[in-house]
């Protein structure tokens, strides 16, 4: 159990690990070769000193090597948030994923149970009837037949079980809150990634660039790990190897600004009903914010040239019933059936 000690000592002294050192350290963590005290000490030392891009790249590289992969179309996109923003909003990225799928772009969505809200994407999807505990081959079928597949993080990152108890006992954010969305089991190169704090917007864009992503936006919206309609969203966009930073307001999408209360969610059942209501035609603040995120994803995917185009495509996906059809097919295929 001495393998992690030199890395703990280096980080505790205020020094940064190289990419290779970080990979070695996280390989020890995720192979069950460190004690709970060592895991906690290492993670808190990293957090106190501040995680660097090479350290995150090294850690993600190990996670990707150890994950259970899913085969998906090469043009698939992921719409995912780190969670943990503490705002208790409804599942914006889940609804956005269905809208994007309805617009013809395959979505390989990575998600988890709730971190700080009452209901994570997994909770809502389960309430809708989507089966999550399924083989990678079935998830691949979901993506090819329904246009969207949901990958439950616990099932694809079993190596995380070695650090899970220590993370729970620490009870505070660590580097692992950032890693999950960076280790999509389908290996997507296109992504709309929301982060819980604005200081991570540019570093995570740099991380994904160094990991070989092609087209990504990392966003933080006025306290949310999503594009928001409550105020300004900060964006770092990776396009053709270059990162540019900019801000977006609700007006850039042609929607009204709202108070955070309008985006609040509830438990899995509540959020599932709210999501289905929008898919069935209800026009409200939930619809607007999901459309904003879907519009950005459609631009990232190359399906729309502008946000206005993306909003129009997203609205068409909802109003035509295409997004709802994607959900119904996802429910059928995930439960072992065949799409019509």
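Each residue, glycine too, has its Cβ placed from N, Cα and C.
Annotated 5-phospho-alpha-D-ribose 1-diphosphate binding site per Swiss-Prot: 81, 84-85, 89, 91-94, 109-117, 121, in sequence order, evidence recorded as sequence analysis. According to Swiss-Prot, the anthranilate 1 binding site annotation covers 81, 112, on the basis of sequence analysis. Among the features that Swiss-Prot reports, Mg(2+) 1 binding site is placed at 93, 226, with the record citing sequence analysis. Feature annotation from Swiss-Prot assigns anthranilate 2 binding site to 167. Residues or ranges marked as Mg(2+) 2 binding site in Swiss-Prot: 225, 226.
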Message = Near residue 81 (5-phospho-alpha-D-ribose 1-diphosphate binding site) in space, meaning Cα within 10 angstroms, which of the binding-site residues do we find among 167, 225, 226?
response = 225, 226
Ask   = Tell me, how many other CB atoms lie within 10 A of the CB of residue 81 (5-phospho-alpha-D-ribose 1-diphosphate binding site), whichever protein chain they belong to?
value = 28
Request  = From the binding-site residues 89, 93, 167, 225, 226, pick the residue whose C-alpha lies nearest to the C-alpha of residue 112 (anthranilate 1 binding site).
outcome  = 93
Inquiry  = Within 10 Å of residue 226 (Mg(2+) 1 binding site) (Cα to Cα), which of the binding-site residues 93, 110, 167 do you find?
reply    = 93
Task = Taking only the Cα atoms, work out how far the residue listed as 'anthranilate 2 binding site' lies from residue 225 (Mg(2+) 2 binding site), in Å, as a whole number.
result = 21
Ask   = How big is the gap, in Å, between the Cα of residue 93 (5-phospho-alpha-D-ribose 1-diphosphate binding site) and that of residue 225 (Mg(2+) 2 binding site), rounded to a whole number?
value = 9
Note = The number of other Cβ atoms within 10 Å of the Cβ of residue 112 (anthranilate 1 binding site), counted over all protein chains shown, is 20
Key: Position of peak Cβ density within 10 Å, selected from the binding-site residues 110, 167   = 110
Key: Cβ neighbour count (within 10 Å, all chains shown) around residue 93 (5-phospho-alpha-D-ribose 1-diphosphate binding site)   = 27
Remark   = Students should find that the Cα atoms of residue 110 (5-phospho-alpha-D-ribose 1-diphosphate binding site) and residue 225 (Mg(2+) 2 binding site) sit apart, in Å rounded to an integer, by 15
Query = Which number gives the other C-beta atoms within 10 angstroms of the C-beta of residue 226 (Mg(2+) 1 binding site), all protein chains shown included?
reply = 30
Inquiry  = Are there any residues at least 6 positions away along the chain from residue 225 (Mg(2+) 2 binding site) with a Cβ closer than 8 Å to its Cβ? List them or say none.
reply    = 81, 82, 83, 84, 85, 194, 195, 196, 219
Inquiry  = Let's check the environment of residue 89 (5-phospho-alpha-D-ribose 1-diphosphate binding site): how many other CB atoms sit within 10 Å of its CB?
reply    = 26
